[in-house]
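Chemist: First the structure, then my questions, so here it is.
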Amino acid sequence: KLMALQLLLWHSALWMVQEATPLGPTSSLPQSFLLKCLEQVRKVQADGTALQERLCAAHKLCHPEELVLLGHALGIPQAPLSSCSSQALQLTGCLRQLHSGLFLYQGLLQALAGISPELAPTLDMLQLDITDFAINIWQQMEDVGMAPAVPPTQGTMPTFTSAFQRRAGGTLVASNLQSFLEVAYRALRHFTKP
């Protein structure tokens, strides 16, 4: 009896380890999808950098770290990517978090509408590219049966009551987006490895 119990415990422990083990690079995602995602990350990064540079040049908001407390007061959320970190890289969780994060940034950028006339085209381009990226990920998740039964919903977005808050929010959102994209890029590159 004791031996059977030990065997059962060993088997269940092995099962739990297998379940928790992050997926390796041999994923079921097509290389064309992964390469397109990497291209989209670079495009969104370039758009985000352009927004940051324009906010810095036009409004002297060049250091997002100086605005962190204001970001907390405004309630600017950050998208989690724990399933995409190198310690816990999991394909399904990572794709879902990528999609949810892009969805969050779509909402944050919409909340920044009216930031300033000179920044509107840059903001619009960034929104379009994020939307395209989110759609691409969602379609792939549906194609391989990974899409959640219920798509993500938009949470409460910050309300910017002044032009300064909107511009400072833009600086923080662009900075947070860049950090999000760096993790996303590393995860996607990992999935492209044979």
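In case you wondered, yes, glycine gets a Cβ from its N, Cα and C as well.
Quantities reported herein were computed from a predicted structural model and do not represent experimental measurements.
Summarising the annotation, Swiss-Prot assigns disulfide bond to Cys56-Cys62, Cys84-Cys94. Per Swiss-Prot, O-linked glycosylation site is recorded for Thr153. Per Swiss-Prot, the feature signal peptide maps to 1-20.
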Chemist: Note down the number of other Cβ atoms within 10 Å of the Cβ of Cys94 (disulfide bond), including every protein chain shown.
Modeler: 26
Chemist: From the Cα of Cys84 (disulfide bond) across to the Cα of Thr153 (O-linked glycosylation site), what is the distance in angstrom?
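Modeler: The separation of the Cα atoms works out to 21 Å.
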Chemist: Could you say which of the disulfide-bonded residues Cys56, Cys62, Cys84 has its Cβ with the most other Cβ atoms inside 10 Å?
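Modeler: The residue with the most neighbouring Cβ atoms within 10 Å is Cys84.
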Chemist: Measure from the Cβ of the residue listed as 'O-linked glycosylation site' and count the other Cβ atoms within 10 Å, all protein chains considered.
Modeler: 8
Chemist: Using Cα coordinates, what distance in whole Å links Cys62 (disulfide bond) and Cys84 (disulfide bond)?
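Modeler: So the Cα of Cys84 (disulfide bond) lies 28 Å away from that of Cys62 (disulfide bond).
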Chemist: Quick one: pull the CA-CA distance for Cys84 (disulfide bond) versus Cys56 (disulfide bond), whole Å only.
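Modeler: One finds 30 Å between the Cα atoms of these residues.
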